[in-house]
2 protein chains.
Amino acid sequence: MNAPDLSCATDLPADRSACAARDAADPLARFRAAFDLPEGLIYLDGNSLGPLPRAAATRIEAVVRQEWGAGLIRSWNDAGWIDLPGRVGDRIAGLIGAAPGSVTAGDSTSINLYKALNAALSLMPQPTGRSVILSDTGNFPTDLYVAQGLCAASGGRLHLRTVAPEALAGSVDGDTAVVMATHVDFRTGRMHDMQAVTRAAHAAGAAMVWDLAHSAGAVPLDLAASGAECAVGCGYKYLNGGPGAPAFIYVRPDLQDRVPPALSGWMGHAAPFDFTPDYRPAAGIRRQQVGTPPILSLSALDAALEVWADVDMAALRRKSLALSDLFIALVERDCAGFGLRLVTPRDHGQRGSQASFACPADLGGGYPVMQALIDAGVIGDFRAPDLLRFGFTPLYLRHVDVWDAVDRLRQILETRRWDDPRFHARAAVT
Amino acid sequence: MNAPDLSCATDLPADRSACAARDAADPLARFRAAFDLPEGLIYLDGNSLGPLPRAAATRIEAVVRQEWGAGLIRSWNDAGWIDLPGRVGDRIAGLIGAAPGSVTAGDSTSINLYKALNAALSLMPQPTGRSVILSDTGNFPTDLYVAQGLCAASGGRLHLRTVAPEALAGSVDGDTAVVMATHVDFRTGRMHDMQAVTRAAHAAGAAMVWDLAHSAGAVPLDLAASGAECAVGCGYKYLNGGPGAPAFIYVRPDLQDRVPPALSGWMGHAAPFDFTPDYRPAAGIRRQQVGTPPILSLSALDAALEVWADVDMAALRRKSLALSDLFIALVERDCAGFGLRLVTPRDHGQRGSQASFACPADLGGGYPVMQALIDAGVIGDFRAPDLLRFGFTPLYLRHVDVWDAVDRLRQILETRRWDDPRFHARAAVT
């Protein structure tokens, strides 16, 4: 987190072959072969949906044909489906600086956030005068929506307050029950200081809930050291678990048995197969499970996480910053004069694993530029109102990919190729 | 629902070849080829986990290789992932007697029940003196657990009351806010009269929530005609959607825009890709969506539902009753003297698509009998405390399967093969 703020331009490679030389020396280069990437495509959107790990394709076929097809109901025991949420949780725990047994996988990020907020609120001494869930305007909308729903259901007892991301730590006060923040901003890539924000929450007597959707698998994390009460995150971005992959929830080990689960279902029961009429929560993190998890999707995530077993997270971080530094420097040099404005912090200590540029109105606000870039084989994404967003995923991206991506962006801007009507038609999902 | 109560024994086939003759005349026989069933196995557990539809295996491979692997993030638009919950919902609507646009798929049954109960409660005039969620002791435990969690969170405002299944309709009173029932009892196979129970709820001013986990794809349903406010159900039983397949929720069309979603996530937002900070629920059933759905699992369910397009539900019901009648009659004739006791109603009007027998203590309480039967290639399941449960799924089961299953059960009982120590060891999942 405290890496020096290297000027992006200091060690710009002279040409594409200099990028290729960096790739040849890359200690993470071998991981690219673990993914089934379309030939010729440059994929800078692993922060929206990670690509297909070869291991996931193989696993899913086995789960469908052998475990489901041949094993049928027996696979709940024989293939260990019943323990899959915890096994996947333990793999994720290893990537976010959490202890084994503190994470379980299943449900969506939104639903896990609902559980986490309820868990955090239940830790407040009762009755509490604290009425605020504090968050920031950079939080992902679904996080704010979940909190709003919870506040609406409280009958006026709770309120959501959002402040600017930079003001978050300084805004915690005696009325704050929970601080809820997404560690890395989905638009700007700005990264909160996890330790400092959590300290501020605790200093004011509030609980801390982190959303690690854009952090898990993207940056080194030490969740346990932060002391945060709860965290959630996403399986389908940097973890490469597949479209809509199950999400995860972390509850600090000393609190797991103190929090009554907000969603009490049979998979979180102490003895689900006793089929007793009364709910009795399981010990530990398992009580945060609810219904039967989607085994096909969860198995794909499990296989995707196997890739991570040998990844050196410090090396990952170094390469992530090298790639985003390179991208920023090349865009600012080669696309100068088109009005693109970096909104991602240059400071490494405040940057996640992406880079976003705001587009001026005379580039159609950015949407058609991104469509033209996708058409040219470079997939990033557009985020309203005007952002071109690019994710940098060190397991499969190369320095030459960054070089080529900027080269294609430059051509699109110089030839105004984006100003073709077909790039202006909005799709359902942007 | 009003089929005559045929005596089970009246038309008992004389021998196995008489069963084969019935299979040859079965109008549903062709559907068996749509499933990838293990050779030689008799699968009477499709009410726990349906077998693999060939179409699902093909679809999953295409979703993994083409949609995820090659299409990547573009498949949200190009493969229509964004509309998949509604498309799957519409397929299910056709099977449960609901209008298009009244069902959406995603999340687990437990979580959908949480949404449905909250939706139903929100319809009560406020302030309401009604404090009871009324259910029955035959309800599936997770349904009771979800209601208990909701009551616990209400701070004493709500209570769960359970009565015997037969007493449900007669127990609704002016203090009942919501009647919550599972249409077909997971243990006994007893089926509620959906129209009568719903009428009783409405007559007392209460809302009705049905759990169709053991009904959808098992019996003809006319949910719309019942007037019930909400319903939920399961994708992995009779619908054959795969292990942990996403569940579904129905909200009566005239109420959809009146109920504030209990779990307010971005997929239920009116414009999720505007990324606005304030939650604004989508119109219609879509507001019941929450987070990003598990596309692999949801796609398997979608493909599994294709099989149902040509199924005549009246024919399905006739065959279901023929199979369970045959099973009951053969067990009572060929396994007489071992103390097995039918707990499933003989009355067709009260029977779902299963048959369960209670086992006496001198058969080890039933658990080892079921293990020995599974070992002999007949998969049913054991349900605590003493039930042997068998599901009858007309799309792929034959009359000869029923004949053979009872023959193997008879042999196990006569030779006491179940009394081998290896059949007594309890597995994690029963």
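Here the Cβ of each residue, glycine as well, is placed from N, Cα and C on the backbone.
Remember, TrEMBL labels are computer predictions, not curated facts.
From the candidate list A:Trp266, A:Trp308, the residue TrEMBL records in the pyridoxal 5'-phosphate site shared with A:Thr109, A:Ser110, A:Phe140, A:Pro141, A:Thr142, A:Asp143, A:Thr182, A:Asp211, A:His214, A:Tyr236, A:Thr292 is A:Trp266. Chain B has a C-beta under 8 angstroms from the C-beta of A:Thr109, A:Thr142, taken from the binding-site residues A:Thr109, A:Thr142, A:Thr182. Between the CA atoms of A:Lys237 (N6-(pyridoxal phosphate)lysine) and A:Thr182 (pyridoxal 5'-phosphate binding site) there is a gap of 14 Å, rounded to the nearest whole number. In this view, A:His214 (pyridoxal 5'-phosphate binding site) is surrounded by 26 other Cβ atoms within 10 Å of its Cβ, with every protein chain counted. In the three-state DSSP scheme, A:His214 (pyridoxal 5'-phosphate binding site) falls into the coil class.
Across the residues the record lists as binding pyridoxal 5'-phosphate (A:Thr109, A:Ser110, A:Phe140, A:Pro141, A:Thr142, A:Asp143, A:Thr182, A:Asp211, A:His214, A:Tyr236, A:Trp266, A:Thr292), the two Cα atoms farthest apart are 30 Å from each other.
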